[in-house]
Each structure stands twice: as C-alpha cells, then as structure tokens.
Amino acid sequence: AMAGVVRRLLRRGLGVTAGPPPSTRQLREAEEAAPVFQYAGKAAKRKDRVFVWGFSYSGALGVPSFVRPDASWKKPRRIQPTPYRLETEEKISSAACGYGFTLLASKTRDITKVWGTGLNKDSQLGFQRSRRDQTRGYEYVLEPSPIPLPLEKPQETRVLQVSCGRAHSLVLTDSEGVFTMGNNSYGQCGRKVVEDEIYSGSHLIHQLKEFDSRVVQVVCGQDHSLFRTKKGTVYACGWGADGQTGLGHYNITSVPTKLHGDIAGVNIIQVSSCGDCCLAVSDEGDVFGWGNSEYLQLASVTEATQVNVPRHLPFKIGKVKEAACGGTGNIVLTEEGNVFVWGYGILGKGPNLVETAVPEMIPPSLFGWSDFSPDIRVAHVRCGLSQFAALTNRGELFVWGKNLRGCLGTGRMEDQYFPWRVTVPGEVVDVACGVDHMVSLVRSFT
Amino acid sequence: LNAMPGRAPRQQIRFLPTPAPGGGGAVELVAAKVPPGSITVSLAVRGPRFRKLKIGAGHRLDVKASGVFVLGIGHGNKLLTDLYNCHLTKVYTVGGLFGKATDDFSDTGNLVEKTTFDHITREKLERILAVIQGTNQKALLMYSNIDMKTQEAYELAVKGLLRPMGKSPPIITAIRCLQFALPEFQLEIHCLHETQQYLRKMVHEIGLELKSSAVCTQVRRIRDGVFTLDDALPRTQWNLQSIQEAIRNCQLRVETELEKTLG
C-alpha cells in the first residue's frame, strides 16, 4: 500500500497522469524534494525512569490499578512478572525495598523528597493521613505518597539514600543526620523501646545525629540497622539474637553503638545486610562478616552459627570492591570484575551447587562476556532475601535465585539457577531487591 | 569432468570351469582374475560416465545479497542436510545508511520518509546494539528447548553452546559496529535461522530506535557454518580444478564439525 501511495504522489508531482514509470533522474529529483522529518529535538536527553516488578497486592509496586482495578471488568493483578514502568514526579536517585513496601527518594531541594508505597501497618512509611477519617492513617498505601520529614531546613537539605528493613525504614540526609521510622520493638529505629507502643498510625519520626562523623550509608537488616560514617566506622542498633549488631552480645540495642572486633581502626567503605547476616568491605579490599552463620556464611572462620563480633573473612579471591548480603547466601564483586557467591540456596551455578562455605566464582560468560565482547564487566551486585542481582557496565541486569511471587522479573514463575537477563527498555543504573519485589532505576537509551 | 581419465576398470572375479587336477573329467570352479573384455570398457559402448550431477544448495541467499553460498555435489547433498541440522551461525556484514526509510528496507526501494540523523553518535548506536544482543541472547536460551533447571543447561550456557537445535524464529547471537561514518555505517551480525530480508528489517528498526530512519545498502555473507570467505570461489575460479581443491580443503573441517555436534 505504501509503494502505491508513493508512486501516486510521484506521478502527481511530475504532472504525469499515466504512462511509463518515472525514470531514475525523476525519482532522484522527487527524493531530494521530499520533506525531511526531525524526531529528535536539539535538547533530547536520556530520560530517567523507574521500573518495578514482583508481588503487587500489598501495594509495594505503587500502581493502584493492580490492587483496585479502575474498571469493573478488570481483575486485580496479584503479581507483575515483568518490569512495569512507574510514573514518578521527580527523578528518583535512590530506592529501597522492604518487606511489602518501597521507599523512593529524590535529591531535590523541594519540600517533598521521599515517597513511600505498600504496607504501612507499623508506620514504616510515616503517617499517611486517611482521607475518609482524618484522625487515622492508611494501613496500605497503593501509590507513591510523600513522607513528611521533620527537617529543620526543608528547602536546603537533600536526601542521599533510603533503606528498608522488615518493618522499619531509614532516610539519610546530607546535613541533618538519619531519620528513622517504623517498628521499634527491638530498638531498630535507634530510640528507646517503649513497652506496648502502638506503631500503626504513629506520627513519630526519630532523628539520629550522634555519630563520630557524617553518616554516608545506612543499611537495614531484617530487624536491625547499620550506619557507616565518613571516617570508616560502623554503628549498629536493633535486634541482636544472631549477633547481627556485632557489639559482642546477643541482646537488643536501642542506641546506635560503634562496632569493634576485626573492623576496629579499619576504614570500611561499604556495608550490606538483608536478613540476619552482615558484610563489610574495607578500602584495602578485605571482607568482614558478623551475624547469622547458620547457612555457612561465616563458616570459613568459625563453626559457630552466630557471630556477634565482626570477623575478617580470609578469602583469596583478590581485592573486593563490593559485597551484598542476602538471607542465606552472600555475593561479592572483585576489582577485576569477577563475581563470587557462597552460602546456601540457589547460588547461581546450576542446581547442583546448593551450599558452599568458600566463595565460588560465577563464569563471566554467563554475564555476556565472550571473545566477541571481551570488555563486559559486572559493575554492581545486589541481594534480596533469596535472590541475587548483578548489573553490568553495559547496563544489563542479570538476576538469579528463588523466584518468589515473580520477583525476578524474568516473566516466568520458576526459580532461576544461573544468571538470566531481565529485559528492561533502558540502561539499568541501580536495582533494589526486596523479599518478593524489585525496583530498578533506569535511563532510557536515546 | 568427462574428459578426465576415468577410474581404472574394475578387475572382475569370475568363477571359471577348469578341469580338476587329477583328471577324472570333473569340473571344478576356480576363482580367477579375468581382465574385463575390452568391449565392456570402451567409451563408445558405455557412454560418458557422468551425464547428470546432483547439486544441492545450502542456506538461501537472495538476489540483492552476496557472499558465501554453499553447494553440495553428489554425496555432498547428504552432508548438506546434516550441516543444516547442526544449526551453526552465519556471519554477515550489513551496510546501512541513515536518513531514509523505504518500503522494502533497502536503498533501491520506494522512498517513504526522510529524517535527520545528525544527533546519532557511535555510542548511541552501540547501546542499541547491546540491547538487541541482550534480547536475542534470551531468545537463544528460550528456544533451545532445554529445561533451565538442570545442571546440563547451566554447563552449556557457561560454554556458550546453548542454541536452538530445531525450528526457531531468526535469532541474532552477536552484533557489533565495524564502521561508523555518518550517514553510513557497517555492522557485523552473527545469526541463526535468518533471512536477508530480516536483516534489512533489523537495520530499519535500528534507525527507528535512534529516532531517525535507516535503509540497508549491502548484505554480504562472510561465513556460513565452517565455510568462510577464503574457502569460497569467486566467479573467475568456477572450474573443475578449483572446485575439487575446495572440496578437498573443506572435507576435514566439515567432518569434525559434524562429529562434534551430531555425535
């Protein structure tokens, strides 16, 4: 049909009603006279987007039509198996997934800097005033809603990072310390435990400022919190029965306290935790671990199943750049770009490798490395409770692990035993893994 | 071929009756080599040895494309079927031109639209190529029909040997940009089960992704399984000696490849 239209147009343009087909010169002239369309403007920039996938019924994905469909014939979507675009008002610079809820933060200077969606039974998303009853708050938030932070200078302070645990959240700002909200039954919010405190519909957001230097990273484990400062020290508070606070005892701590052990005096550049085990990486590339070791996470140094003091893990795998801790398995990324896994569960080397105490390398060919493309490297590694995610320098996202309620985003519901590409329409810049959902920050291609 | 000296005529072994040693008049059958009578050998009686040659063609190459085209002669036809079942990748160099869109995706078609292309950079093109490679990699694993939950699937995936061994839609296993000089560019594409028109459509789609348009100017197959450009005979060498030499050179490689893949 296209060819016929073009031929008719050409004929009309050349004043020939019928007869021999136009000659080459006539065609060339017609071609040069054709209008030129411009699809990309001068200021066309790559856009930043947010993609979500996984279990949606708690509202954690931030799409209300999944839970409450907007037309009567539509059915609620319990699981979103592939990446789905989430419209946000601002550019999101940091995202975190908790147990059934999500926090999104932007580096803007506007009053609203953090949005929350999902489960809010312990006020982990702050107080979300219900429209039906002004005195009560929402227990489930279906759409990213602003979280009001009690900032002293709301139009100057910027939010750097957010982190979510089982029922609490931490918000890191550049000049006003750390804000904590949510469940505090074990002191994970860094304030004194109040007996019989009702967390649902609570307005309380606590501010933490007493650290030896500025806090640069906050990490939430299941019921504990870790703070890393600029000087390279680590503070912890919260539930400690597995030694995850690393303070030398198994009790709860309600005030952030400095960790010692093997990391005393060491400049720690990254901390990670998701369940009850914690990992820290020093500037010299050493890995330290503490907490739960029931799944051989720390079995290379001790037979004990709980370790309450940070211990150096003497792995001979090269200088470590980044570490991520999951519920039962751990993953590290070395300076050369190699990925090592250990622990228990689906580790990523096929169904035969179920547990190992010593790190095993995942072959780089599974991340797209080949003789044809030899400069592909893994740039970041992330961990959910029983999933792993790896980001390459080309912006591709690979996931593997237990596919709990579609959280891997592969489109299939089966578990994935080796790294598998997730098709995202853009270059993945960062990904946050939760228990049964994931959020990714993506830049469009052109 | 018919002018070449033929095979030496086979010596026939006949059982001839000869008188048995020891007399008696009994007749024994003794095997003896008998040169065939000249009548059975002479060309005039038998006629030329080869009257017809069975020639089969390998993977299709359409009219507008050029490059390596595999043919099988006689017994080679059976090898052709086996090679087809190996599902080896083919490599093409595809040339493209930004700024135009035509109805059949090549530069000889009818013009549909012209667009600007100054905003396109090599980096943007390479990003799109990386995405194409990624999605096709996924298709590769999915159509290979192996249960992903087995250790065998993991082993094959690590070695990069996981590929569809049956019917599948066209899959691109690797793609990279060889040359980039606006408005022209050249890509090297490794693919399976494809047609040349699919490659032209791919060029058109790359143009669309980059917010412009593109047409395909050249499709050239430089490798088909084990056969590369060096093995291919150009038109000047389409004679008996070169063909025989080419067959001899490739024989070993074809055999090893078939053994490796089909066992």
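Cβ atoms are placed via backbone N, Cα and C, with glycine included.
Per TrEMBL, the feature domain 'RCC1-like' maps to A:45-327.
Residues or ranges marked as repeat 'RCC1' in TrEMBL: A:48-108 (among others).
What TrEMBL records for A:112-175 (among others) is repeat 'RCC1'.
Residues or ranges marked as repeat 'RCC1' in TrEMBL: A:176-231 (among others).
Here TrEMBL flags A:232-284 (among others) as repeat 'RCC1'. DSSP places the residues of the repeat 'RCC1' (A:232-284) in helix, strand and coil in these numbers: 3 helix, 23 strand, 27 coil.
With DSSP classes pooled into helix, strand and coil, the tally for the repeat 'RCC1' (A:285-336) is 0 helix, 26 strand, 26 coil. Among the features that TrEMBL reports, repeat 'RCC1' is placed at A:285-336 (among others).
Among the features that TrEMBL reports, repeat 'RCC1' is placed at A:395-444 (among others).
DSSP assignment over the repeat 'RCC1' (A:176-231) gives 0 helix, 20 strand, 36 coil. Mapped onto DSSP classes, the repeat 'RCC1' (A:48-108) shows 4 helix, 25 strand, 32 coil. Break the repeat 'RCC1' (A:395-444) down by DSSP state and the numbers are 3 helix, 26 strand, 21 coil. The average pLDDT computed over the domain 'RCC1-like' (A:45-327) stands at 92.
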